[in-house]
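**Student:** Pulled from Swiss-Prot, these are the listed features:
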- 7-51: disulfide bond (DISULFID)
- 10-24: disulfide bond (DISULFID)
- 18-41: disulfide bond (DISULFID)
- 25-31: disulfide bond (DISULFID)
- 58-70: disulfide bond (DISULFID)
- 64-82: disulfide bond (DISULFID)
- 71-76: disulfide bond (DISULFID)
């Protein structure tokens, strides 16, 4: 199993992470889908190694992207499992 790197940072102040070519999410930011904040994420298409963002798996092949939001590389859905305190590891 390949060690996956974190996907590229994106969004205001680089506080988000890319989840797909047009999806940028962060705990404090929520998710940007198809907006200017997510443009940088298209660069992932040119990088040879796979990446993964988010902590906890959710939905169909997605990962928790922000509070109450689950994203895969194509779309995001609301997901109660991804809310703060719903088994997410706490960051100090």
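Note that Cβ sites are derived from N, Cα and C of the backbone, with glycine treated the same way.
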**Student:** Rank aside, I only need the closest one: which of the disulfide-bonded residues 31, 64, 76 has its C-alpha nearest to that of residue 58 (disulfide bond)?
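**Tutor:** Checking each of 31, 64, 76 against residue 58 (disulfide bond), the shortest Cα distance is to 64.
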**Student:** Which of the disulfide-bonded residues 18, 41, 64 has its Cα nearest to the Cα of residue 51 (disulfide bond)?
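**Tutor:** Checked the disulfide-bonded residues 18, 41, 64; minimum Cα distance to residue 51 (disulfide bond) goes to 18.
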**Student:** Using only C-alpha positions, which one of 7, 31, 64, 76, 82 is spatially nearest residue 24 (disulfide bond)? These are the disulfide-bonded residues in the record.
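**Tutor:** Nearest by Cα distance to residue 24 (disulfide bond): 31.
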**Student:** Can you grab the distance from residue 71 (disulfide bond) over to residue 64 (disulfide bond)? Cα atoms, rounded to a whole Å.
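**Tutor:** For residue 71 (disulfide bond) versus residue 64 (disulfide bond), the Cα atoms are 6 Å apart.
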**Student:** Got a sec? Which of these disulfide-bonded residues, 10, 76, has the most Cβ atoms within 10 Å?
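**Tutor:** The largest 10 Å Cβ neighbour count belongs to 10.
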**Student:** What does DSSP call residue 64 (disulfide bond) in the simple three-state scheme?
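**Tutor:** Assignment for residue 64 (disulfide bond) reads strand.
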**Student:** I'm trying to understand the geometry here, so how far is the Cα atom of residue 41 (disulfide bond) from the Cα atom of residue 76 (disulfide bond), in Å to the nearest whole number?
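**Tutor:** Between the Cα atoms of residue 41 (disulfide bond) and residue 76 (disulfide bond), the distance comes to 15 Å.
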**Student:** Within 10 Å of each Cβ, count the other Cβ atoms and name the one among the disulfide-bonded residues 58, 71, 82 with the highest count.
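**Tutor:** Of the disulfide-bonded residues 58, 71, 82, the highest Cβ count within 10 Å belongs to 71.
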**Student:** Ranked by the number of other Cβ atoms within 10 Å of their own Cβ, which of the disulfide-bonded residues 7, 51 ranks first?
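**Tutor:** Its Cβ has the most other Cβ atoms within 10 Å: 7.
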